[in-house]
Amino acid sequence: MTLTGLYVPLITPFDHTGEVALDPLAALAHELLAAGADGLVALGTTAEPTALTPDERAAVLSVTAHVCRESGAPLIVGAHNAEALGALAGQPEVTAALTLVPPFIQPGEAGVLAYFDRLATHSPVPLVVYDVPHRTGQPLSTETLRRLAELSGVVGVKYAPASVTADAVALLTDPPADFAVLGGADQVISPLLALGAHGGILASAHVATAAFADLIAQWRGGDATTARALGGELAALSTALFAEPNPTVIKAVLHAQGRIPTATVRLPLLPADQRSMTAAARRAAAVDGPALRAA
């Protein structure tokens, strides 16, 4: 199994009472798939999972799984420990789990390998490693990523470097067999795709779904001239959407577009400033993508 294409890591919408808005979540999920997303990610970091109760997380997963089952779309679920992975047993809609490199403790690359070896051995679903070193504090070398790719049950990586480095070039110009490299740094997704990434897990694609899907198709189809131009527009949009902690600006734009009932986020996040929302909405309106609606 090699995961390819565009995956949108869903936000969790809240209603005017602060409760999870399940019907708008389902509508948003359907809309994203109809606009060109190949699959969805439930309970990723964009979903504010640590601010949700266990019952809320279960409800979000149930709704998203139902949408993916109806649409025949793959579903990746954020699950970062053995307990969360075990809870995915018996859920046929779940294609894989997105599992974060252990944050903060900096276990070293050997520790990361041992950790994923243990998790993959016991997980009921395949794992996609979430490699985001500027947030976890634990960088992974190209050699370590290749060794992770050799583990049975590890099928890919959400590759989210802060910039395109020599390591990224080395990984993507000679990727491991049967191992998906999905770009996870929205602002640099175009160069990652140009180097050979199989697709992306992109929060910004809430706003410009069709355009991001087009970008992936253009790079994978060899239309470099068109892809470079669109990639520049989408990099500027992504920068605007990440001007404040994710997903605050994305939620503000979705609310302004009438696609979710509120822009509410839960602590420790605070709502995005109006100026950030306006700037991002203007960028969105300027992107030539059929899924966009002016805010």
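Each position is counted from 1, following the chain as shown.
Backbone N, Cα and C atoms are what each Cβ position is placed from, and that goes for glycine too.
In three-state terms derived from DSSP, T46 (pyruvate binding site) belongs to a helical segment. Around T46 (pyruvate binding site), the same-chain residues at least 6 positions away in sequence with a Cβ under 8 Å from its Cβ are P9, L10, I11, A203, N246, P247, I250. Annotated pyruvate binding site per TrEMBL: T46, I201, in sequence order.
Feature annotation from TrEMBL assigns active site, proton donor/acceptor to Y130. Using a 10 Å Cβ-Cβ cutoff, Y130 (active site, proton donor/acceptor) registers 24 neighbours.
In the three-state DSSP scheme, K158 (active site, schiff-base intermediate with substrate) falls into the strand class. What TrEMBL lists as active site, schiff-base intermediate with substrate is K158.
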In the chain carrying I201 (pyruvate binding site), residues 6 or more apart in sequence that have Cβ under 8 angstroms from it: Y7, V8, P9, V41, G44, I76, L98, K158, L182, G183, G184
Please work out the number of neighbouring Cβ atoms within 10 Å of the Cβ of K158 (active site, schiff-base intermediate with substrate), leaving out its own Cβ. 27
